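Please read the structure below before turning to the comments.
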Amino acid sequence: MAKFLLLLTLISLTGFVAYAYEPSPLQDFCVGDASISARVNGLTCKNPTMVLADDFHFSGLHIAGNTSNAVGSRVTPVTVAQLPGLNTLGISIVRVDYAPWGINPPHTHPRATEILTVLEGSLLVGFVTSNPENRLITKVLHKGDVFVFPVGLVHFQRNVGKWNAIAIAALSSQNPGVITIANTVFGSNPVIDSDILAKAFQVEKSTVEQLQSKF
């Protein structure tokens, strides 16, 4: 009996792990309808008889993003917010443009693994493993190279060339989310008490307050 219960437990856990992220769709498609206010995990389905080809179409990834900003990069997302046909399909895509020496600053995607392909230029990419090792895994990529960032881990990219760089990345969620570390820690609303951050980063309180003023 004990072995039977253990087997059932393992089967249950296996099922839980398999469906810990976005479940498989139960119909051909479920085009998201943002106009419906019902709160569900994702978006409610548009009436399938009202679905059009445009619900599955997005145009614009051929257009370079404006990198004239503090970090020198621009992300153009195509998630369910831009492409309603992605609803329940567990996938999205982004274009990332980088000015020379521009960065896509350290960030995480809480709901997605990311696979990035360099279309133009050279990028230094990397991610950091979880505590306690906090190991940095990094590599310089060139045109045509592919790199994967595991779900939830802090990662970044930097253009190490003299010219603009371009990458395309696919993510394993219709709504992967993004948590930019600096913005989250120093630009939260309301702000995290500077005493807490000073102790966490082992710096003076005035240094924390200076950083918070930038966000």
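Each Cβ is built from the backbone N, Cα and C atoms, and glycine gets one as well.
The C-beta environment of Glu114 (oxalate binding site), restricted to residues of the same chain at least 6 apart in sequence and closer than 8 Å, consists of Val148, Phe149, His155, Ala169, Ala170, Leu171, Ser172, Pro176. Annotated oxalate binding site per TrEMBL: Asn104, His109, Glu114, in sequence order.
Per TrEMBL, Mn(2+) binding site is recorded for His107, His109, Glu114, His155. Non-local neighbourhood of His107 (Mn(2+) binding site): Val154, His155, Phe156, Val178, Ile179, Thr180, Ile181, each in the same chain, at least six residues away, with C-beta under 8 Å from its C-beta.
The annotation disulfide bond is assigned in TrEMBL to Cys30-Cys45.
According to TrEMBL, the feature domain 'Cupin type-1' maps to 59-209.
TrEMBL lists 1-20 with the feature signal peptide.
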Q. Cα of Asn104 (oxalate binding site) to Cα of Cys30 (disulfide bond): how many Å, rounded?
A. 32
(Q) Mean pLDDT across the domain 'Cupin type-1' (59-209), rounded to an integer, is what? (A) 97
**Q.** Number of other Cβ atoms within 10 Å of the Cβ of His155 (Mn(2+) binding site) across all protein chains
**A.** 22
